[in-house]
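Undergrad: Before I ask anything, here is the structure I am working with.
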Amino acid sequence: MTNIRKTHPIMKIINDSFIDLPTPSNISSWWNFGSLLGICLVIQIITGLFLAMHYTPDTMTAFSSVTHICRDVNYGWLIRYLHANGASMFFICLFLHVGRGLYYGSYMFTETWNIGVLLLFATMATAFMGYVLPWGQMSFWGATVITNLLSAIPYIGTDLVEWIWGGFSVDKATLTRFFAFHFILPFIIAAMAGVHLLFLHETGSNNPSGLLSDADKIPFHPYYTIKDTLGALALITVLSLLVLFSPDLLGDPDNYTPANPLNTPPHIKPEWYFLFAYAILRSIPNKLGGVLALVMSILVLALMPFLHTSKQRSMMFRPISQCLFWLLVADLLVLTWIGGQPVEHPFIIIGQVASILYFLLILVLMPLASIMENNLLKW
């Protein structure tokens, strides 16, 4: 009798995706982050669902309802901080996952990569709207500043902003719709992640060498299920340490002050995972230019397959490209630091230099380095 997992319509899909999936034998721990992102998404959906049971999306009671969750609901503090810090873990895994894709040339699977870029945008939108919900000072002013950026769009900008706000300022209507979108988007993300996997399994996984590995495949289970379990345990350990020992480490103290439209915080800044993009936005003195640079800082990822000039797929055997890649990583860390600093000398000029270097590295220097490496191989 044939095994049920190979015949049952639903079990067959699970089997072909997680059990009998032919996987390259040499993929490293950098390939763990896909499954870790799946775990993060599940954690976020479950904790978010329980938070939604006690939260009220109303300007008068939103802040109080979050306080009530932390003080009065059984383990409410745990659920709330798991959700808040779970978002940080989500973005850490996302950035490492994207970095892995850039380093090993995984972007050559164009469909998978483009769905991934859309997933990144969707996750960023979800996180932004989630940050508005507690209705603290940074929630309110963050929402005001970021939505206001759309007013830079010529002709329709102002109408668009007022349409998103549902009025003439960030108010009850804005909070209600942000809650609705924040609730529905993770399920859309889950569906998109399914499509992401579907496209990936059409081609099979890439591997560190960037070479075709069809001749050397092993089943996903038990080899990579056990490896992913180790990664999952590491993720849960770090998340637990964060939640139980320093839950406010990555948050902003201003968000413990209820939203007040009459009092602007001294430094308006988003959560740490948006600081690099925020620094790029602020480094351009023109509003529309800043918005375009902000969008392009992420959208430039979609250009990666077209900017690939090397004869080799992976950077494993390309030392010059490796140097530029790690320079890009360092540049992003500098941008993240600058995004959290006030707009004054010397931070302004550092931010501008780092922003120029970011686009220069991706659009010019890395493709040129690849051409140079191609020529070096002709000896």
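Including glycine, each Cβ sits where the backbone N, Cα and C put it.
Swiss-Prot lists 33-53, 77-98, 113-133, 178-198, 226-246, 288-308, 320-340, 347-367 with the feature transmembrane segment, giving similarity to another entry as the kind of evidence. The heme b b562 binding site annotation in Swiss-Prot covers His83, His182, and the record cites similarity to another entry as its basis. What Swiss-Prot records for His97, His196 is heme b b566 binding site. Residues or ranges marked as ubiquinone binding site in Swiss-Prot: His201.
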Undergrad: Sequence gap of 6 or more, Cβ distance under 8 Å, 3 or more pairs: do the transmembrane segment (33-53) and the transmembrane segment (178-198) meet that?
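TA: The transmembrane segment (178-198) and the transmembrane segment (33-53): touching, yes.
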Undergrad: When each of 77-98, 113-133, 178-198, 320-340, 347-367 is checked against the transmembrane segment (226-246) for Cβ pairs under 8 Å, which one has the most?
TA: 77-98
Undergrad: Could you tell me the C-alpha distance between His182 (heme b b562 binding site) and His201 (ubiquinone binding site) in angstrom, no decimals?
TA: 29
Undergrad: Counting only residues 6+ away from its ends, which parts of the chain sit with a Cβ under 8 Å from the transmembrane segment (320-340)?
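TA: Contacts of the transmembrane segment (320-340) (Cβ under 8 Å, skipping residues fewer than 6 from its ends): 99, 102-103, 269-270, 272, 274-280, 282, 310, 347, 350-351, 354-355, 357-358, 361-362, 365-366, 369-370, 372-373.
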Undergrad: Can you work out which residues elsewhere in the same chain, 6+ from the ends of the transmembrane segment (113-133), have a Cβ less than 8 Å from its Cβ atoms?
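TA: Tertiary neighbours of the transmembrane segment (113-133) are 55, 57, 62, 66, 87, 90-91, 94, 98, 101, 106-107, 139-140, 142-143, 146, 174-175, 178-179, 181-182, 185-186, 188-189, 192-193, 195-196, 199, 270-271, 273-274, 298-299, 301-302, 304-305.
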Undergrad: If I restrict to non-local contacts, at least six residues apart, and a C-beta distance under 8 angstroms, what lies near His83 (heme b b562 binding site) in its own chain?
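TA: Listed in sequence order, they are Gln44, Thr47, Gly48, Leu51.
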Undergrad: What are the non-local neighbours of His196 (heme b b566 binding site), defined as same-chain residues 6+ apart in sequence with CB under 8 A from its CB?
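TA: Residues satisfying the criterion: Thr112, Ile115, Gly116, Leu119.
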Undergrad: Other than its own, how many Cβ atoms are within 10 Å of the Cβ belonging to His97 (heme b b566 binding site)?
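TA: By my count, 20.
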Undergrad: List every residue in the same chain as His201 (ubiquinone binding site), at least 6 positions away in sequence, whose Cβ is under 8 Å from its Cβ.
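TA: Expected: Asp16, Ser17, Leu21.
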